[in-house]
Structure formats: structure tokens, C-alpha cells
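Enquirer: Have a look at the structure that comes next, please.
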Amino acid sequence: MLGRTHVALGLMTSLGIAVLLGNPFMVESFNTIALLVAVGGALLPDLDMGTSSLAGKFGLLKAKHIKKIWIAILTTLSIGTLFFLKDTPIFYGIALILFLGFIFAKQFAQKGYYMMRNFVQSMTAITVMIGAYYYEHYPLIWIGVILMILLLVKHRSFSHSILFLIGCTLVVRQISFFYGDIDYSLIFGVSMGSHLLGDMLTKAGIGLFIPITHKRIKFPFTIKTGGWVENIVFMGAFLVIFQIIREIAF
């Protein structure tokens, strides 16, 4: 599913649970932190994929920008080669290399993007873990651990498992009580759970029961990612969110 659909489903389910259970931090005060937690839970599992909405935040440059920079470098080198190496024995060899550079510019840009994104995410994880340990905010160490795990697993594998869901929910609970007396873990868990259910509607399915089994689990009926059915699901979730907010506000 697309990131926007996951966010809509996450907000719809977390708001719905909050209304049913009467959680004051979501209903009476409409806490901004709770909303951010819900959005984070809705997007977190797809951090294992470099092209997802959340994963893209770790990319300093998009692939298309890297491609433009790469082509500019190749163009500069081509001009220099033409002017200074035209009559040398290595001219045709360098020209061939530059030509191949233009041909595979898109692939180079994609590889460069993933390498840069993975580097930034890993450095962020290490910085969080070291900072949390140094300043004795120990629960935050788990955020760094989660970021590292998501770098190492395949898409829709462990990151989309019940075990990972439970682990992340417990981390949110631990962080919640470390910084205050409001427990945001239920909101997070429900929102992240909606992500798993949403991806079970797709043909690829998810590794729901990893590490017990690596079999992909999906519903008997599936939908196309970004297709018209998903658009209907997104609009339906959005309308439910609007209705819940209107009831809370008025």
C-alpha cells in the first residue's frame, strides 16, 4: 500500500480505539504527540524499503538529483577529454568509459541513493544509541536498534511480523513512561497493526509469523497497490477520520 493509505488507516484505527476506550490524550486534548506516534506507527514497517515515505527522509538527495549531478560531472569530463586527450592513445578508452557512464546513469543514481540513505540511517542509529547511553536516556537506545534492524531485513519480512510489532510497542511503552505518565503504546500498536493488515491485502503478503515461518501471509482477496480499490480505501478512511474529529470537536 501507499504511504498515504497507511497513514489514513493508522489514524482511523488509532482514533477509533481512542474514542471507544475514552483515552483522554487522544480525545479530550487531541494530543499532537499521540498523532505523531500514530503516524510513526503507520509508516515504520516500510522503513525497510528505501523508496518508502519515511525511508526517503534519510536520503540527503533524491535519485533524480544524483543523476543530474552525475550527468553534469560526466559532461564536464567529456569536454575535458575532448580538448586535452583527443590526440592521445587513451582517448577512445576514456570516451567509452564516459559513454557507459551516460548509459547507466540511472542505475548509478539509484545505487548512490540507496548507499547514501543507508549510510545516513545507520549513522543516525549509532548517534541515537551513543547519545542515549551518554545522557542516560536508556530507552532511546532501542530506537537506534530498530533503525539498524530495518537496514538489515528484507522488505515486508521481519519488519512486518507480529514479533516486531510487539517489540516496537513495548519500546514505545518504555519511552512513554520514561518521559511522562501517558502511555502511547496502544496508539502506536494499533496504528502499526493497521499497516500489517493493509499490506496483507496486497499480492506480495507479509512475513507475519517470522521467525516461526517465513511464509508470506495475505488475505484470500488482494488489491493492487495504488489501484482504484486502494484509492477507495484511502478516501473511506479519510472520511471516517473527518467524522471522528467532528464528533470530538463538537
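Every residue gets a Cβ built from N, Cα and C, even glycine.
Please treat TrEMBL annotations as automatic predictions, because they have not gone through curation.
What TrEMBL shows for this protein is this:
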TRANSMEM  7-26  transmembrane segment
TRANSMEM  69-85  transmembrane segment
TRANSMEM  91-109  transmembrane segment
TRANSMEM  140-155  transmembrane segment
TRANSMEM  162-180  transmembrane segment
TRANSMEM  186-213  transmembrane segment
TRANSMEM  225-245  transmembrane segment
Enquirer: Do the transmembrane segment (225-245) and the transmembrane segment (91-109) come together with 3 or more C-beta pairs under 8 Å, pairs six or more apart in sequence?
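Expert: Counting Cβ pairs under 8 Å, fewer than 3, so no.
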Enquirer: Can you name the far-off residues of the same chain, 6+ from the ends of the transmembrane segment (186-213), with a Cβ under 8 Å from a Cβ of it?
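Expert: Residues 1, 5-6, 9-14, 17-18, 21, 23, 26, 34, 37-46, 156-158, 160-163, 165, 168-169, 172, 219, 221-225, 233.
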Enquirer: Could you give the residue numbers and ranges of same-chain residues that sit at least 6 residues beyond the transmembrane segment (69-85) on either side and whose C-beta is under 8 angstroms from one of its C-beta atoms?
Expert: 61, 91, 94-95, 98, 101-102, 105, 108-109, 112
